[in-house]
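Here's what Swiss-Prot has on this protein:
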type    : residues                                                       : note
BINDING : Gly168, Gly169, Ala170, Gly171, Val172, Gly173, Lys174, Thr175 : ATP binding site
Amino acid sequence: MTVTAEKTDKSASSETSGRVVRVTGPVVDVEFPRGSVPELFNALHAKIDFGSLAKTLTLEVAQHLGDSLVRTISLQPTDGLVRGTEVTDTGRPISVPVGESVKGHVFNALGDCLDEPGYGEDFEHWSIHRKPPAFEDLEPRTEMLETGLKVVDLLTPYVRGGKIALFGGAGVGKTVLIQEMINRIARNFGGTSVFAGVGERTREGNDLWVELQEANVLKDTALVFGQMDEPPGTRMRVALSALTMAEWFRDEAGQDVLLFIDNIFRFTQAGSEVSTLLGRMPSAVGYQPTLADEMGELQERITSTRGRSITSMQAVYVPADDYTDPAPATTFAHLDATTELSRAVFSKGIFPAVDPLASSSTILDPGVVGDEHYRVAQEVIRILQRYKDLQDIIAILGIDELSEEDKQLVNRARRIERFLSQNMMAAEQFTGQPGSTVPVKETIEAFDRLCKGEFDHVPEQAFFLIGGLDDLAKKAESLGAKL
């Protein structure tokens, strides 16, 4: 099989040396001899011997300034780097270890193993800058990926081999839902998972490491972290490093891969910081002028090829809950399914706090999910939309001013809202309640009966934070009602 991008042979690099002429934070200007200027994206090494700060920095060539000068971005703190320091051109881009042996370990954006220093140095390495698969090798998929979460499976079904995003502002549950998907899908998936921690909290990375060990799926997972305390160069490249590992499993091992990215907004934010440091003219809302290109270069590599797939789940922070912000808006164009987490739903105590009217999926179509699934989903959406339209009237005049038909619809909508909530495995340690999984067929049947009015006599409380019909029957009985 032909791989569409270069593999890195460490022994084949040609090294030339230059010297540092300017250091401004993470931006380092380096002068090379004439005729020996390194190519864009080449990795450079600068050795710092400054007492306790002895280390080797990795710089990436970002611009050619002319007169044998290159402008680079450091992927590590530049403390101790001074003018005149010797810099070596490795002759190749940043590369990361690939292969079956990366599973069960944590790496940084440079491919250094964090849990076992030195591990992986003798593995095959691939450049993180690779071309997407050729058009003729692509294989679009329409197979549904079952999660066991009612609100997702019914209203925004996920595509196996597709790109899925969880949108939301600060504190509405994006990371919890990503961890929930790891728990639900990785356990039952049987393939390989790769997790990219892009600019998020170190604590969350440690929590995930512990959770994966407890769930016994760490042995099938590779983790790559570039946390929020690291330089923007690292945060900008860590997603590419994780994706490169995932591509090896897809292209060389012929496996279906799950790729989790938390958070794709931090990738965009790091690109904006780098763009500013390089002196580029800012675009809309201060973002980099190359935003669409950078997002496209990442997203186009996340795709399905013949017989193999990368299924990507990406958390996307929405600044100030503004969906017109260029960062989330640019991401929308590349997605197969979107799950939007709403502060209004969160305030009602409904978890996961998914806004069913704002979320969408390209496979919610009778030709893919079936006529019954599509019909029930559309009826649920119709009822919830009508309830939303009536809320202003209810707030001003009260529910008693509605027609009998609308009163009945409002009561069903309130039950539907609560029935879309569900206990999650990732939150068990906080709630004390075990997570529940509901098969798609049972979800469709339950909501069909609910829309037809078969549960109108059951109290609203019975629908809150439960699983399927068995849970509903037990809770209804405890409240003095029967299904």
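Positions of Cβ are set from backbone N, Cα and C atoms, glycine also.
Locations of recorded Swiss-Prot features on the structure.
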residue: Gly168; record: ATP binding site; Cβ neighbours (10 Å): 27
residue: Gly169; record: ATP binding site; Cβ neighbours (10 Å): 17
residue: Ala170; record: ATP binding site; Cβ neighbours (10 Å): 11
residue: Gly171; record: ATP binding site; Cβ neighbours (10 Å): 10
residue: Val172; record: ATP binding site; Cβ neighbours (10 Å): 26
residue: Gly173; record: ATP binding site; Cβ neighbours (10 Å): 22
residue: Lys174; record: ATP binding site; Cβ neighbours (10 Å): 27
residue: Thr175; record: ATP binding site; Cβ neighbours (10 Å): 21
Additional residues around ATP, ordered along the sequence, whose Cβ is within 8 Å of the centroid of Gly168, Gly169, Ala170, Gly171, Val172, Gly173, Lys174, Thr175
Tyr317, Leu341
Per DSSP, to which secondary structure element type does Thr175 (ATP binding site) belong, with helix, strand and coil as the options?
helix
